[in-house]
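**Student:** The structure is given below, and queries will be raised subsequently.
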Amino acid sequence: MENSTTTISREELEELQEAFNKIDIDNSGYVSDYELQDLFKEASLPLPGYKVREIVEKILSVADSNKDGKISFEEFVSLMQELKSKDISKTFRKIINKREGITAIGGTSTISSEGTQHSYSEEEKVAFVNWINKALENDPDCKHLIPMNPNDDSLFKSLADGILLCKMINLSEPDTIDERAINKKKLTPFTISENLNLALNSASAIGCTVVNIGASDLKEGKPHLVLGLLWQIIKVGLFADIEISRNEALIALLNEGEELEELMKLSPEELLLRWVNYHLTNAGWHTISNFSQDIKDSRAYFHLLNQIAPKGGEDGPAIAIDLSGINETNDLKRAGLMLQEADKLGCKQFVTPADVVSGNPKLNLAFVANLFNTYPCLHKPNNNDIDMNLLEGESKEERTFRNWMNSLGVNPYINHLYSDLADALVIFQLYEMIRVPVNWSHVNKPPYPALGGNMKKIENCNYAVELGKNKAKFSLVGIAGQDLNEGNSTLTLALVWQLMRRYTLNVLSDLGEGEKVNDEIIIKWVNQTLKSANKKTSISSFKDKSISTSLPVLDLIDAIAPNAVRQEMIRRENLSDEDKLNNAKYAISVARKIGARIYALPDDLVEVKPKMVMTVFACLMGKGLNRIK
């Protein structure tokens, strides 16, 4: 490494840092093979899939010196030196520089290298501003902020008090934040920080990656961080119903001879692509394989709009789509005419004609998702061969685990807990996060061969179980790699819970000078803290029935952060089920507001789910110890 950096000028180092930041989509400080693959896809480089894989494999083989499946900035610098004279480097640099509409700003964060540049997309900013303006135009709490001007930097200033972010989170995942916990009037720097903590910890709880974002970054309106977080929040809302268990009409997208189980493994992006192609096939038009290169001429969109527009009758009054714009010779004008037709359906959000013609994949994906949510135009087939038992949605516990993993920035994103863990890649990433070393040379990585691919995944799962038993010292009695690969829910959850538990306890051990923390220590600390604050509540275990009132949690928050809890919001006597739920909603939101990263749901407190209850008290203990320090 020493030798390779001596020949790099400061200017070149800055250029490389900028390139690295563009590829490092999740801001993890590392670039994974998935991010490299995404880069080629996003750049709309007309390369066949095998060529992309070849280049990615070459890059990893050259750059990944410690074989951990990802590239650090130092490894990236070495790589670019090594590839300088080769064709692959030219291709690679061409892709990085191909991202247009990019505004570069100097890096100011204390963790960013001196002189780095973070870039953000002007198009994304405009699209998000217009979407938020429309979504919150009638919210009285946002009157002082909305409408924002899409053509200046008002977005970054308007998000600085945390109110808009909290509102957007609730739009994407209703009831995530208890509105009573949002500070709305006479804001001070402290109450603004509380709002931003509430937004960040709530975003984390719905599966957004927030590992490198702090309240101060949002307060300062750092564009690349703000836009990255906003996109994640908006995407959660756009994709909420693109899920077969929540929208059975999607079964209509089954291909000839395909099992429902296979369709259920598809990500929302893949389902959207299939939905578009379903309608294009019905229109007699050729199918597409992406939301960038293939939609640039707008013609597929014209046919899609014509297929999904109401025809009268049950769908409501007919809306006629004018297809004459297909014959327009100018791409930009054709895209403009197409968006005029989309506007008839009330769905021209997210893209401008230029975004369509440039093939902006993120904004075109959002445009299509919004079309799907408004006019899916699918009818559930009357097919008796389909096993409807498969359509049971995920449990609240499964969703919590999935959101926890995604919030930590695992790659790939987990859409379906069991099928997306079938190759154990994400489990290995979680092991690393709980400080269980993974020997990446033992791990098979995608793309898996068509023949024997599942064996490669099972080998990974066997290694994951072996690490759990021998290195992490988990209790994994009766669990084999095949159970993970097949998505055995009970056994997979047993491993995932132990990963989450260890992660939570590690945070506490770090605060307590490394001493091992267990349930007894947490319970003892909770009771001592409650007693020293003269509270009447206490808990005997994480199964204590009094937890269903949420009063021990609220009293503990008050002991740790006096004045955070507004006592008039709490019911203490003769609690109905509704009162208990309201207390729980308030408790979870106020805990997040004081900085506790809690993934549990209000129902976990009301129903006294001991595992999730433990994580709530552990996170609050972490917050309490942090304050003392």
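The count begins at 1 with the first shown residue.
A Cβ is built for glycine as well, from the same backbone N, Cα and C atoms used for every other residue.
The annotation Ca(2+) 1 binding site is assigned in Swiss-Prot to Asp24, Asp26, Ser28, Tyr30, Glu35. Among the features that Swiss-Prot reports, Ca(2+) 2 binding site is placed at Asp64, Asn66, Asp68, Lys70, Glu75, with the record citing sequence analysis. Annotation comment: Swiss-Prot describes 11-46 as domain 'EF-hand 1', evidence class sequence analysis. Under the heading domain 'EF-hand 2', Swiss-Prot lists 51-86, citing sequence analysis as support. Annotation source Swiss-Prot lists domain 'Calponin-homology (CH) 1' at 122-238, citing sequence analysis. As annotated by Swiss-Prot, domain 'Calponin-homology (CH) 2' applies to 266-376, with the evidence given as sequence analysis. Taken from Swiss-Prot, the feature domain 'Calponin-homology (CH) 3' applies to 395-504, supported by sequence analysis. Residues annotated as domain 'Calponin-homology (CH) 4' in Swiss-Prot, with sequence analysis given as evidence: 516-625. Taken from Swiss-Prot, the feature N-acetylmethionine applies to Met1. Residues or ranges marked as region 'Actin-binding 1' in Swiss-Prot: 108-380. Under the heading region 'Actin-binding 2', Swiss-Prot lists 381-625.
Map these features onto the structure and tell me what's around them.
**Tutor:** The Cβ neighbour count for Glu75 (Ca(2+) 2 binding site), using a 10 Å radius and every protein chain shown, is 20. The secondary structure of Glu75 (Ca(2+) 2 binding site), as reduced to three states from DSSP, is helical.
Averaged over the domain 'Calponin-homology (CH) 2' (266-376), the predicted model has a pLDDT of 96.
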**Student:** So, by DSSP, how many helix, strand and coil residues make up the domain 'Calponin-homology (CH) 3' (395-504)?
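**Tutor:** DSSP composition of the domain 'Calponin-homology (CH) 3' (395-504): 67 helix, 0 strand, 43 coil.
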**Student:** Counting every protein chain present, what is the number of Cβ atoms, excluding its own, within 10 Å of the Cβ of Ser28 (Ca(2+) 1 binding site)?
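**Tutor:** Total other Cβ atoms inside 10 Å, all chains included: 18.
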**Student:** Out of Tyr30, Lys70, give me whichever of these binding-site residues has the highest number of other Cβ atoms within 10 Å.
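**Tutor:** Max Cβ neighbours within 10 Å, all protein chains included: Lys70.
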**Student:** Please spell out the DSSP helix, strand and coil residue counts for the domain 'Calponin-homology (CH) 4' (516-625).
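**Tutor:** Secondary-structure breakdown of the domain 'Calponin-homology (CH) 4' (516-625): 70 helix, 0 strand, 40 coil.
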**Student:** Hey, how far is Lys70 (Ca(2+) 2 binding site) from Tyr30 (Ca(2+) 1 binding site), Cα to Cα, in Å?
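**Tutor:** Distance (Cα to Cα, whole Å): 6 Å.
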**Student:** What is the number of residues in the domain 'Calponin-homology (CH) 2' (266-376) that are helix, strand and coil, as DSSP sees it?
**Tutor:** 70 helix, 0 strand, 41 coil
**Student:** What does DSSP give as the helix, strand and coil breakdown of the domain 'Calponin-homology (CH) 1' (122-238)?
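**Tutor:** Per-class counts: 76 helix, 0 strand, 41 coil.
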